[in-house]
């Protein structure tokens, strides 16, 4: 088997099936990543969504015996939405991050990886592979960086010269000894715009993220959102793009190369109030094909409530009151009560008191009390201004 020729053939085949960038690296242990992960774990900075076994995250040969190399791929996704609908005072909208526009990228990249695997295995019967995207054991970003796809920027995103950081990543471990590519140089320079712009200070240092403070992570949690973050997520329903949109290296980067990644504006920027009463079936039918649906409707509904509070949308108060009184989920009842207080209409004070009297869940009860205090504070402020 001529490995050099096979590499060139694989590169050409990858282009033909719509892979925007491909790179190669060894299957050696990711030693520097191991040190970083141990540090992040000790600081409590991990999200909890990662593979818990650090050795598996840094040792490809634990995942594929006799592994010799890793093939990394990247697909560029759009950064701008065509005909994006606007929020109005009576029809407020939320936003899904760009990585949740169009068809779930996990499915898109798995399809590409399957084709690449089949291509290689058609060349020789002894070829072995193991592929993964996002939810696999390896760090997609660490592999992509070492394979020369892009460099790891201060916002922790893999940034490519061609497409900026608007790329999806995946990789395939193989027993073929492909010649590794050369990593590219860091292009951040002295710029710190991403660190300065992060709404929650999650980027604690250049290249170091406290995932527990990252809005992208927080929008995916299912419990009560900590108080300090509630006013910072704005109208984000899933994910956050701030550290990407402020990056100078992303300026002018907007690629519409894959039709399946094009966003439906009514899904990527949905109306908020209809989300409050959406059924499981309706949610699955409308949002089930996008990556932002993977945690179910509860986090999206909670975030929609917080977004309505962010807008101080008084037109949503009847729906929020209905949730506070009747929703079976304490997180939704409590968050709705907090939002009612945040919106600040004194006419709803009695509804909050009624809810507090009958509420049995201690956490939800605490949120109702917060709503009452917010409403009182709002009334005092209005009196002071009058």
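Using N, Cα and C of the backbone, Cβ positions are placed for all residues, glycine too.
Swiss-Prot lists 134 with the feature active site, proton donor. Summarising the annotation, Swiss-Prot assigns cob(II)alamin binding site to 57, 97, 134, 139, 140, 141, 152, 155, 158, 169, 216, 240, 241. Per Swiss-Prot, [4Fe-4S] cluster 1 binding site is recorded for 188, 191, 194, 247. Here Swiss-Prot flags 198, 214, 240, 243 as [4Fe-4S] cluster 2 binding site, drawing on experimental evidence. The tRNA binding site annotation in Swiss-Prot covers 220, 222, 280, 281, 295, 297, 298 and rests on experimental evidence. Feature annotation from Swiss-Prot assigns domain '4Fe-4S ferredoxin-type' to 178-208; the stated evidence is sequence analysis. Among the features that Swiss-Prot reports, repeat 'HEAT-like PBS-type' is placed at 333-357.
Mapped onto this structure are the features recorded in Swiss-Prot.
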residue	record	contacts (Cβ under 8 Å, 6+ apart)
134	active site, proton donor	105, 106, 140, 169, 170
158	cob(II)alamin binding site	74, 140, 141, 144, 145, 149, 150, 151, 152, 165, 167, 169
198	[4Fe-4S] cluster 2 binding site	242, 243
220	tRNA binding site	49, 238, 295, 299
222	tRNA binding site	295, 296, 298, 299, 302, 331
240	[4Fe-4S] cluster 2 binding site	97, 199, 214, 215, 216, 219, 233
281	tRNA binding site	none
297	tRNA binding site	275, 278, 280, 283, 287
Binding-site residues listed as 188, 191, 194, 214, 247, least Cβ neighbours within 10 Å: 191
Secondary structure content of the repeat 'HEAT-like PBS-type' (333-357), with strand meaning DSSP E or B: 23 helix, 0 strand, 2 coil
Residues that sit under 8 angstroms from residue 241 (cob(II)alamin binding site) by C-beta distance, when 6+ apart in the chain: 97, 98
Residue with minimal Cβ packing [other Cβ atoms within 10 Å] among the binding-site residues 152, 216, 280: 280
Residue 158 (cob(II)alamin binding site) in three-state DSSP notation: strand
Residues near residue 57 (cob(II)alamin binding site) in space but at least six apart in sequence (CB under 8 A): 30, 33, 34, 37, 50, 51, 137, 138, 139
For the repeat 'HEAT-like PBS-type' (333-357), sequence-distant contacts whose Cβ falls under 8 Å of one of its Cβ atoms, 6 or more beyond its ends: 224-225, 230, 302, 305-306, 308-309, 312-314, 316-317, 320-321, 323-325, 327, 363-375, 378-379, 382
Taking residues 57, 97, 134, 139, 140, 141, 152, 155, 158, 169, 216, 240, 241, which bind cob(II)alamin in the record, the widest Cα spacing (Å, whole number): 26
Cβ within 8 Å of the mean position of the Cβ atoms of 198, 214, 240, 243: remaining residues of the chain near [4Fe-4S] cluster 2: 155, 194, 199, 200, 202, 203, 209, 215, 216, 242
